[in-house]
Amino acid sequence: VLVSTSLLPFLATVLLPWVVPASFTIRLNQDVLLHLFIRFLVEFLIVGILTGALVTVLTGMPEGFNFTSAVTATLIVTALLTLTVNHTLTRPKWESFSHEWKKLKHKEVVWCGDDLQFKKIQSENNQKKYPFVTNFRGMITFVTTFTILAVDFPIFPRRFAKTKTFGCSLMDIGTGSFIIANGIVSPESKNRVPDLKKAIISSWPLLFLGFCRLLAVKGIEYHEVVEEYGVHWNFFFTLAGVKILSAIVFSVVGTKSAWTSFITVGIMYEALLILADVQNGYILNVSISRDDSLLAANREGIFSVLGYLSLFMGSVFAGQLINHKNRKTYQDWINYVIQATFIGCAMWSAFVFWHNFVNPMSRRVGNFSYVLWSSFTLTYLRFF
């Protein structure tokens with residue numbers, strides 16, 4: 001499902017020239033509103049409607065029939081064939097691609113994710129905004145929102161719902177993906193040392209939303225799973241905690257140590273869970289009453305902040321790779337894809353080892369296996 005949904009923005013882009021007739025091309029370049037309207041229709045049909053179908057009817061088949069793989073393969077073939085045809089109708093031709101590539105690979109990449117307005121935005125902010133990052137963050141928000149609403153209906157496959165203790169599902173990736181989406185565009189990813197005072201002040205909207213959600217849920221007696229975060233805790237508090245803690249850590253060790261901080265915090269939290277028996281002896285121990293203390297009532301949410309902190313630092317490192325100042329030409333970006341692929345394979349291998357031989361993945365606890373599994377989502381940035 002993740003592969004399929006990540007292909008949809010790319011599919012919408014390559015199919016757009018087939019939707020817009022050649023006679024409209026000149027007019028589109030002059031009429032911004034018409035261009036945006038047609039682009040909205042194409043992206044709504046492909047990204048909006050297909051995404052909803054991919055997490056409901058297209059994957060709700062009986063077990064034993066791998067329909068999801070068939071849909072993913074169809075999307076990949078369609079996107080590649082359309083891209084191939086688009087390039088054979090334009091320059092450079094495929095038969096002379098090697099010759100054209102020698103002239104092209106050292107040219108600077110001009111990102112045009114917002115088409116007509118991108119150059120203006122870049123000149124005003126003096127900072128590049130990469131379309132694949134925007135697509136990634138947009139799709140994460142859309143899929144997460146859609147699944148939260150769809151989970152209460154029979155059309156939503158139950159295997160996509162959140163796991164109770166151990167394991168992984170589609171909805172388990174939502175919280176980790178939000179942390180990643182914040183980390184890759186954070187000031188720390190641009191090597192700006194955070195200011196703790198500003199981090200605390202900028203966290204008040206998250207704390208405000210957290211308390212609003214708490215009051216709303218308790219006020220209308222909305223059904224909630226206490227084992228997910230605790231009695232009073234919710235994900236807004238987690239986001240605020242990660243923001244403040246990351247500012248403290250990075251102000252001490254610096255932003256250039258994001259990778260080592262990611263590993264260090266993750267391993268230290270894992271040692272706390274396993275060696276100190278905090279995971280099974282306290283967090284997952286049903287015999288401990290939630291009325292004992294505020295910590296006991298919200299132990300899942302409070303302790304998992306450390307796991308999400310590790311994940312945030314890993315995503316900051318990914319953002320630093322994306323925003324590298326020396327990455328300008330096509331060859332530089334191809335080298336980045338190779339580097340990201342290598343890191344993704346390493347992270348996936350580490351997850352398989354850690355999940356099977358050290359500590360199984362648990363979103364509820366936010367252990368290192370969950371952090372590694374969520375980090376693998378970063379590899380889908382290449383599809384966007």
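Yeah, the Cβs are placed from backbone N, Cα and C, and that goes for glycine too.
What TrEMBL annotates here:
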type     : residues : note
TRANSMEM : 32-58    : transmembrane segment
TRANSMEM : 65-85    : transmembrane segment
TRANSMEM : 136-156  : transmembrane segment
TRANSMEM : 199-216  : transmembrane segment
TRANSMEM : 236-255  : transmembrane segment
TRANSMEM : 262-282  : transmembrane segment
TRANSMEM : 302-322  : transmembrane segment
TRANSMEM : 334-355  : transmembrane segment
### Query
Any chance the transmembrane segment (136-156) and the transmembrane segment (302-322) have 3 or more Cβ pairs under 8 A, given the pairs are 6 or more apart in sequence?
no
### Stretch among 32-58, 65-85, 262-282, 334-355 sharing the most Cβ pairs under 8 Å with the transmembrane segment (302-322)
262-282
### Query
Which listed stretch (32-58, 236-255, 334-355) has the most C-beta pairs under 8 A with the transmembrane segment (65-85)?
32-58
